[in-house]
Amino acid sequence: MALVNGNYLKLKAGYLFPEIGRRVKAFSEANPDAALIRLGIGDVTEPLPQACRDAMKNAIDEMGTREGFHGYGPEQGYAWLREAIAKHDFQSRGCDISAEEIFVSDGSKCDSSNILDILGEGNRIAVTDPVYPVYVDSNVMAGRTGDANEGGQYGGLSYLPITAANDFTAPLPSTPVDLIYLCFPNNPTGAVASREQLKSWVDYALEHKALILFDAAYEAFIQDPAIPHSIFEIEGARQCAIEFRSFSKNAGFTGTRCALTVVPKGLMGTSATGEQVELWGLWNRRQSTKFNGVSYIVQRGAEAVYSEQGQAEVKALINFYMENAAIIRRELSAAGLTIYGGEHAPYVWIKTPEGMDSWGFFDHLLNRANVVGTPGSGFGAAGEGYFRLSAFNSRSNVDEAMRRIRAL
């Protein structure tokens, strides 16, 4: 008899986005002529940068020759891409990160889940609330939590509320924790963390020998030069942090798949017997065993992001989406809604109207305006009463969605 992983049975009824898909499918079947505008899931809509497309076309042509063919590549990523990432994304900002500390992968969502493979089951875990659901669900699947309570919070996790009441600034844990998930710019709220705020987290982690798992997937959308793009801009972070990044949102690689994880050499964890163990070696072994690497063609496309042409085209993409965010902020504010985020991230975080909860507002927009967004309660108990709209769409769709919502 094949036994299932019982931890999966502890998951709530459905992962947030499949539940959205279920409701949208039911609506579409009942209203086949409705012209839906999707501002929910954070998928990009604009074409890949020309520099990336050209690089991938050239790589395909290389693969068509015996001399240029590439089979299995290094599980950690090709050296030329790792070196470009280290130089442009980290060393240019004063971060002491080498190419060897960068692991190229097929998604930061995957890596932020897979990192649990090298971390023990007894860790005390802190997440913000609201939170990107993957951080919580992956811990549930791995058996790192208890059951969920009526509010959807799992035993064994410390929830750190980020709401308008605390200016979306996560408080430091009131009890010691070992793993801390941070995402800035934040998904879903769009909030950012100042240098001083990040320093307080690094100081906490160093004091308590905790590990920060820092998701910087949206760092390219930061508009203020004073706001850090990386946890490694903070002194001491090499001794307490792992960072996840992605090419999905800045360069449109959601359908192409390329990301990276930074594991500094010398970053240590503790074994059950109290021995100090370097996490770089464990992650390297994990990737070498379970991952065959990102394709040569895709990595050449990612490398082109760092060319002069690629940088200009990526900047244009980011500006386009941030202009969409500005339109959403302006129009919904004019409609009398209370708006947060959307200034350094492609997400606008909306306070739902009085007397309407998150899923109620979802159904209201779906049925009355034919606009799809994301209920805040799907990101955690503290997200109840909020709603997320994404700036990832065409300008015409964003304009039309705002016109419909304002007409309600």
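Cβ atoms are placed via backbone N, Cα and C, with glycine included.
What you are looking at is a predicted structure, and each value in this text was computed from that prediction instead of being measured.
Pyridoxal 5'-phosphate is bound by Tyr72, Ser108, Lys109, Tyr132, Asn187, Ser246, Phe247, Ser248, Arg257, Asn292 in Swiss-Prot, and the record lists one more residue there from Tyr154, Tyr159, Tyr218, which is Tyr218. A gap of 13 Å separates the Cα atoms of Ser246 (pyridoxal 5'-phosphate binding site) and Gly42 (substrate binding site).
Checking Cα-Cα distances from Lys249 (N6-(pyridoxal phosphate)lysine) against the binding-site residues (Gly42, Tyr72, Lys109) with a 10 Å cut-off leaves Gly42, in sequence order. Considering other CB atoms within 10 Å as the measure, the emptiest surroundings among the binding-site residues Tyr72, Tyr132 are those of Tyr72.
In this entry, pyridoxal 5'-phosphate is bound by Tyr72, Ser108, Lys109, Tyr132, Asn187, Tyr218, Ser246, Phe247, Ser248, Arg257, Asn292, whose most widely separated C-alpha atoms sit 34 angstrom apart.
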